[in-house]
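Asks: The [4Fe-4S] cluster binding site annotation in Swiss-Prot covers Cys37, Cys38, Cys102, Cys132.
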Amino acid sequence: MSTNGVMEKGFVTTSLDSVINWGRTGSMWPMTFGLACCAVEMMQAGASRYDLDRFGIVFRPSPRQSDVMIVAGTLCNKMAPALRKVYDQMAEPRWVISMGSCANGGGYYHYSYSVVRGCDRIVPVDIYVPGCPPTAEALLYGIIQLQNKIHRTNTIAR
């Protein structure tokens, strides 16, 4: 959290936006939307080696308790309405991470009749994590980039 003022007589001045965004970045709760092999790497990121809990990231089973959705894997036309429904059930503010080349743009199955060519055609995506499948480190880097994006937003002006 950045301080905009100087410390005088035991207090620090800062903006309310900075405090709210600091709280949001320290308690991101992702809704997992694992569709293919990228979901295995997402599960690995939550395991003890990478331990996303230390960043305040706790996977939630319900979209109503989540503020981040991680779309991992190939999105088919049949699954697209379910993705949109889960996204609409999430409370504002909400963010989406697209994980893997299949979620980003269709991947190997780009020319298949049943594959959506990127989940950004269904929901707005904030962070794209490339790779097939992306490593747990790449997902962790994407989450850190999302935290940086949240720090830069104006919360109260929305």
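Just so you know, the numbers here start at 1 and follow the chain as drawn.
Using the three backbone atoms N, Cα and C, a Cβ is placed for every residue, glycine included.
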Asks: Report the residues of the chain - excluding Cys37, Cys38, Cys102, Cys132 - with C-beta within 8 Å of the mean position of the site's C-beta atoms, for the recorded [4Fe-4S] cluster site, in sequence order.
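Replies: Filtered neighbour residues, in order: Ala36, Ala72, Gly73, Thr74, Met99, Gly100, Ser101, Ala103, Gly107, Gly131, Pro133, Pro134.
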Asks: How many other Cβ atoms sit within 10 Å of the Cβ of Cys132 ([4Fe-4S] cluster binding site)?
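Replies: Result for Cys132 ([4Fe-4S] cluster binding site): 12 neighbouring Cβ atoms inside 10 Å.
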Asks: Let's check the environment of Cys37 ([4Fe-4S] cluster binding site): how many other CB atoms sit within 10 Å of its CB?
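Replies: Neighbour count, Cβ to Cβ under the 10 Å cut-off: 14.
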Asks: Which state, by DSSP, holds Cys38 ([4Fe-4S] cluster binding site): helix, strand or coil?
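Replies: Assignment for Cys38 ([4Fe-4S] cluster binding site) reads helix.
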